[in-house]
Amino acid sequence: VITRPEMEIGRYHWMYRSSRPHQYHHVPALRGNISPLGIQGCFECCIKCLGGVPYASLVATILCFSGVALFCGCGHVALTGTVSILEQHFSTTVSDHALLSEVIQLMQYVIYGIASFFFLYGIILLAEGFYTTSAVKELHGEFKTTACGRCISGMFVFLTYVLGVAWLGVFGFSAVPVFMFYNIWSTCEVIKSLQTNVTVPGDQICVDIRQYGIIPWTAVPGRACGPVLENICNTNEFYMSYHLFIVACAGAGATVIALIHFLMILSSNWAYLKDASKMQAYQDIKAKEEQELQDIQSRSKEQLNSYT
């Protein structure tokens with residue numbers, strides 16, 4: 001026989017269990033080569049690793065390394081050939097081109113520094129791309145973005161912008177020797193075309209390097225005319241320097257494109273991190289509210305048990 005107190009206790013327990021909300025736990029389905037114990041296969045591991053690679057940053061890094069390598073390597077050799085051409089054909093006195101030689105030597109040392117700096121900077125930006133990609137991929141996991149990480153991303157955006165503007169100037173400056181060598185080469189082509197026309201002597205066609213301001217007006221001879229100029233264009237130093245300056249200019253342009261690419265990537269990554277921080281704040285508030293709700297339910301249960 002069930003007594004009345006026992007019936008009351010059973011009724012309260014039934015009411016408490018029926019008032020609790022249902023909790024559903026998501027059970028992931030087994031896919032691919034995942035074993036019942038949850039161990040992933042090699043294919044799933046490879047896909048997961050490839051999914052975390054920042055391909056945009058990787059392409060920008062390769063383009064940046066290639067552009068800087070072309071600019072620094074070809075520019076260094078082309079400057080050496082330019083000094084050799086000036087000393088042999090346009091400025092036979094050492095004192096006339098001494099300042100130019102020092103400037104070119106200083107530029108070659110600057111090229112060494114540029115190559116070293118961008119090698120390290122490209123690796124840092126690639127690492128930052130991996131970091132940001134991981135932050136976005138693990139947005140709903142245990143990964144936490146910090147204010148320091150967001151400040152570092154913003155600093156990289158500003159620094160990349162400054163470097164991009166600077167490299168625009170470098171790209172414009174690298175086009176100057178290409179323009180000079182092109183003028184000399186086109187003049188030599190005119191001299192070659194006039195060899196069949198005896199009415200116009202080729203000796204009257206000259207190129208004066210002094211008008212470009214790279215050597216003083218007192219430099220001797222300072223200019224080359226006719227067959228002498230044609231022989232200069234046929235030398236290996238002129239041919240190599242001309243084409244190396246073209247490649248160096250192309251490398252500077254590729255570096256500008258890579259920095260613009262980096263700037264777009266860093267800006268989008270910084271926006272992703274900012275959204276991730278807001279999402280984390282929302283999840284923290286939601287977890288706090290759920291914990292408070294559980295505490296209220298626990299206290300209600302304790303009060304109900306004490307009443308019964």
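Residue positions begin at 1 at the first shown residue.
Every residue, even glycine, has its Cβ placed from backbone N, Cα and C.
Summarising the annotation, TrEMBL assigns coiled coil to 279-306.
Feature annotation from TrEMBL assigns transmembrane segment to 58-86 (among others).
Positions annotated as transmembrane segment by TrEMBL: 106-131 (among others).
What TrEMBL lists as transmembrane segment is 152-176 (among others). Within the chain carrying the transmembrane segment (152-176), a Cβ under 8 angstroms from the stretch's Cβ atoms is held by residues 71, 75, 121, 124-125, 128, 132, 245, 248-249, 252-253, 255-256, 259-260, 262-263, 266-267, 269-270, 273, all 6 or more beyond its ends.
Positions annotated as transmembrane segment by TrEMBL: 244-266 (among others).
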Residues of the parent chain within Cβ reach of the transmembrane segment (244-266), under 8 Å, 6 or more residues beyond its termini: 54, 56-57, 59-61, 63-64, 66-72, 74-75, 77-78, 81, 118, 125, 128-129, 153, 156-157, 160-161, 163-164, 167-168, 170-171, 174-175, 177-178, 181
Local confidence of the prediction over the coiled coil (279-306), expressed as mean pLDDT: 74
Spatial neighbours of the transmembrane segment (58-86) far in sequence, C-beta under 8 Å, 6+ residues away: 97, 100-101, 104, 107-108, 111-112, 114-115, 118-119, 122-123, 125-126, 129, 170, 174, 177, 209, 214-215, 232, 235, 237-238, 240-241, 244-245, 247-248, 250-259, 261-262, 265
Surrounding residues of the transmembrane segment (106-131) on its own chain - C-beta under 8 Å, 6+ positions past either end: 52-54, 56-58, 60-61, 64-65, 68-69, 71-72, 75-76, 79-80, 149, 152-153, 156, 160, 163, 255, 262, 265-266, 269
